[in-house]
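To keep things clear, I will list the structure first and then write my remarks on it.
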Amino acid sequence: MADYKFKFRSYQRKFVRSLTTSHGNWDIREGIILRLTDETGKVGWGEIAPISWFGSETLEQALNFCHQLPTEITDEMIFSISDELPACQFGFESAMGEVGEQGAGSREQGETYLTYSALLPAGEAALEQWETLWQQGYRTFKWKIGVDAIAQELEILKLLVHRLPSSAKLRLDANGGLSYEEANLWLGTCDRLQANIEFIEQPLPVEQFHKMLELSVFYATAIALDESVATLKQLTNCYAKGWREIFVIKPGIVGSPSRLCKFCQEHEIDAVFSSVFETAIGRQAALQLAAALSRQNRAVGFGINHFFAKEETWLQNLCKDL
Ligand SMILES: O=C(O)CCC(=O)c1ccccc1C(=O)O
Ligand SMILES: [Mg+2]
């Protein structure tokens, strides 16, 4: 049983280009950095980076939770954080894990074996951007769909597939923004293209799970659930209802890392780990989980650095002040 001194601070970070999805534009990432210090003075950092439009708690709920905690907390308190606050479960539990770690370096290891998927800008800009990312070494790309008119997007897809080297893999992410007819059109097109389309991510809204299950049987192109499995409770539910294609796991919002590990060890799911646009603190903890739990060589969706300015020192300054 350990006691920790607890401190936190909220942050705001502007994207250099907005993240455009079928939900609209996202321009500023807001989150919370937290610090736990044990009796011996060992420090662990954690990050709470909710995405409420995706199914996690809101930043306000996370801040309220942090404010009502005492300045001294125990691991019991951390393990009893409500399932309604999945991003908080991740932030506190990963900070606690860091305090308990054996020494620097141990956590860096697994990450070197991961391959990364780069997020392309939505729309036509993808046709230009992929090349820079290819030169940086990326071989898997993700493009957002369901943003513009479908006819226009299907044209861009054909151009993109034509231009990408044949060894590249492409993921299409609809963020739940397609109608059933559009989903059929996308999946049918992907089946016919005979290109390296790795999967279509979350074609339909969360409520239409059974339709996605049908589509996953009907088409050869794989489907990955994302919004449908945003939290561990949803993930467990979709698995129980028979989902056996791909699961996108965003460690930053899925909930308790230890319960996620337990689930992944009990069920051999095909998982793709993905970023929530967290800072280096959350990213480190998320990638550690990805390295431990990834199977089937799925690239992790953490190739998102080009959405932020380079050489950012604000995080170090924030940590120094905390
Ligand atoms: O998964 C990736 O490759 C990049 C991350 C990403 O797309 C994303 C980032 C923040 C919020 C939602 C999403 C998403 O997958 O829909
Ligand atoms: Mg997605």
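From the backbone N, Cα and C atoms, a Cβ is placed for every residue, glycine too.
Listed in TrEMBL for this protein:
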type	residues	note
DOMAIN	123-222	domain 'Mandelate racemase/muconate lactonizing enzyme C-terminal'
ACT_SITE	Lys144	active site, proton donor
BINDING	Asp173, Glu201, Asp226	Mg(2+) binding site
ACT_SITE	Lys250	active site, proton acceptor
Inside 8 A of the center formed by the CB atoms of Asp173, Glu201, Asp226, which other residues of the chain have their CB, for the recorded Mg(2+) site?
Lys142, Arg171, Leu172, Ala174, Asn175, Ile200, Gln202, Ala224, Glu227, Val248
Cβ-Cβ distance under 8 Å to Lys144 (active site, proton donor), same chain, at least six residues away:
Thr20, Thr21, Ser22, Leu120, Ala122, Asp173, Ala174, Asn175
Please go through the recorded positions Lys144, Asp173, Glu201 one by one and keep those whose C-beta falls under 6 A from any atom of ligand 2; give the result in sequence order.
Asp173, Glu201
Between Lys250 (active site, proton acceptor) and Asp226 (Mg(2+) binding site), find the distance joining the two CA atoms and give it rounded to the nearest Å.
8
What is the number of residues in the domain 'Mandelate racemase/muconate lactonizing enzyme C-terminal' (123-222) that are helix, strand and coil, as DSSP sees it?
54 helix, 15 strand, 31 coil
Looking only at Asp173, Asp226, the binding-site residues on record, which one has the least crowded Cβ, with the fewest other Cβ atoms within 10 Å?
Asp226
Would you mind listing, in sequence order, the residues at least six apart from Glu201 (Mg(2+) binding site) in the same chain with a Cβ closer than 8 Å to its Cβ?
Lys142, Arg171, Leu172, Asp173, Ala174, Asn175, Ile223, Ala224, Leu225, Asp226, Val248
Averaging the per-residue pLDDT over the domain 'Mandelate racemase/muconate lactonizing enzyme C-terminal' (123-222), what integer do you get?
97
